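Colleague: Okay, here's the structure, questions in a sec.
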Amino acid sequence: MCYAVGGCAGAGPAATYVAAALQFFAASQCLLQESYPRQAHVTNGSRYDFIVVGGGTAGSALAARLAEENRFSVLLLEAGPNPPEESIVPGLRQTLKETPYDWNFTTIDDGVTSQALASHVQRQPRGKMLGGSGSLNDMVYARGHPEDYYEWADIAGDVWNWTNVLDYFKRTEHMTDSNIIRNKELMQYHGIGGAIEVSGAHYPDSPNSKLMQAFQELGFAAVDDMTYPYKIGVGKFSHTIRGGRRDSSLTAMLNKVKSGKLHVLKNTFATKILFEGNKAVGIQADSDGRNLFVYAKHEVIVSAGTFNTPKLLLLSGVGPSDILNQFDIDVVQDLPVGQGLQDHVMVLNFMTAERGTCKLSESDGYFNVIKYLYNGSGTLSYSDSIGAYLPQKDKEAHVPYFAIYPSCVPAGQLTSNLCVQGIGFTSEICEKLQKENEMHELIVAAVVLLKPQSRGHVTLKSLNPDDDPAIYSGTFDHEADMEGFPEAIEKAISLVNTTHFKKLGARVVDLTPESCRGLQEPQRTRCSVRALALAAWHAVGTARLGAVLDAELRVRGLEGLRVADASVMPTMVRGNTNAPVVMIAEMAADFIKNQYRDK
């Protein structure tokens, strides 16, 4: 999710101008050209060794790795088109949400949580284009904690332990942050020479520098590398940015493939997996309105994401038999597909500050467009995110449990579009925040539960493949997830009591819903948290290792069918999910290559 609610050029009124200017210059001077795979010509009945369904973060990486084996023919199916020019520009990372490049998923109203949000639902944006969510995310490079992967190993097999997955993280990574490279201790956990560049923050004069100082005043230790597994505190995140441009499994891996044996078919939406007995043999798809049947000699690999992967499996007869029977779908394999959904839970806290708090030394939008187009520099060329980790009370001090992600909204920049459509708040809350933002800057502190116990589920709305899946978040179904929120929020809003923010006249904006105002603490905060809960857009777990899949990501009880994307995660990792998804794709590629080495 964009924790930096106001920290990008695409968040304010200038977004339309900036995007239009970039499109004009890109068209006339080819300054933002990216060489995407050309559209393949695929006829009905075509046969490949492997079919990969979904050209997102996992699918792009997996298809690229399989294409390294010249003996394999690979077809990659992607429901969306190439990304637009804005996708490449880090400073425009907000502009693609709520557009045709976004699946625009929402959860089902459960009548209990998120009742202070518009329509009582949580937004779940996902990339509908090559690169998937890796083409519209915040580019934060995070892996989770070693404890997450030891937990996976206990569930799914030792191949998923921290020591092993670390090798795969390092394989894909090209670390370029000189502060980390110079530190031998930190470099034990990083790679150089991998496909995807991981770079440091570039602007020490940003508002985040003052926020870092404020967190240190509150007792957080300064951390040089937020992926370092044995120290937590406050620090700047690394990002997947190369030379002022978004770097991803699409730009760094799929776009570099030269093999003629990899075919990419865009605007092609898989509607059903084809089976002969218990073996997956192909895919039925809608390709630009054409009903297409394609076949796989060895395997179909589903990489359609946490929401579309279970939908496709269910429509194909793989899932809980009671759900399949409810929709009169023939049961191919009875498995807990769609069960086990998890996401990081987030609550936004707002504080006001004097004008100028959010100002960068290079703040003129027009100048920065020219600067970016001229040499790829300026504020459009970077993402400057920081975070502060809190351990669980009475647990190990180096294992994060909550995170606080602060950001800054300049005066007058919180538009209705960003507040209502972007965040999902009701118009009443947005009117209050916009009134505050007319005269003041807003400091936003996103408090995020990193290790939820609650689980939701994903199921079908109908037999129509064009219908979105039904997403039940399950937020706070496990009462333990509420524990710690009041304390974490208190820590976040105590920023107003630090030296720097006292000077700025900072104060907390009270967003307590009317239904919670009569309660005493901590029940009042708990009520507010439940009502204001947002998804952090890191959903996982709907085709889990150990339940739906074996240790090598093969669907249990079936042949020729594998899953590789965020849906395979058996439990939530303590951090953003993009890098772990690339790691999963790397492991899937090795599993497949090893299985078919002599075939």
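Backbone N, Cα and C atoms are what each Cβ position is placed from, and that goes for glycine too.
Fair warning: this is a prediction, and the values are worked out from it, not measured in the lab.
Below, the features straight out of Swiss-Prot:
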type	residues	note
ACT_SITE	H538	active site, proton acceptor
BINDING	N137, D138, M139, V140, W537, H538	FAD binding site
Colleague: Ranked by the number of other Cβ atoms within 10 Å of their own Cβ, which of the binding-site residues N137, D138, M139, V140, W537 ranks first?
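Modeller: Neighbour-count leader: N137.
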Colleague: If I take the alpha carbons of V140 (FAD binding site) and the residue listed as 'active site, proton acceptor', what is the distance between them in whole Å?
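Modeller: Spelling it out, the Cα of V140 (FAD binding site) and the Cα of the residue listed as 'active site, proton acceptor' are 12 Å apart.
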Colleague: FAD site residues N137, D138, M139, V140, W537, H538: biggest Cα-Cα distance, Å?
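Modeller: Largest Cα to Cα distance for the FAD-binding set is 13 Å.
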Colleague: About how far apart, in whole Å, are the alpha carbons (Cα) of N137 (FAD binding site) and H538 (active site, proton acceptor)?
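Modeller: If we compare the Cα positions of N137 (FAD binding site) and H538 (active site, proton acceptor), the gap is 10 Å.
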Colleague: Give the distance between the Cα atoms of M139 (FAD binding site) and H538 (active site, proton acceptor), rounded to the nearest whole Å.
Modeller: 13
Colleague: How big is the gap, in Å, between the Cα of H538 (active site, proton acceptor) and that of D138 (FAD binding site), rounded to a whole number?
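Modeller: H538 (active site, proton acceptor) and D138 (FAD binding site) have their Cα atoms 12 Å apart.
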Colleague: Give the three-state DSSP assignment (helix, strand or coil) for N137 (FAD binding site).
Modeller: coil
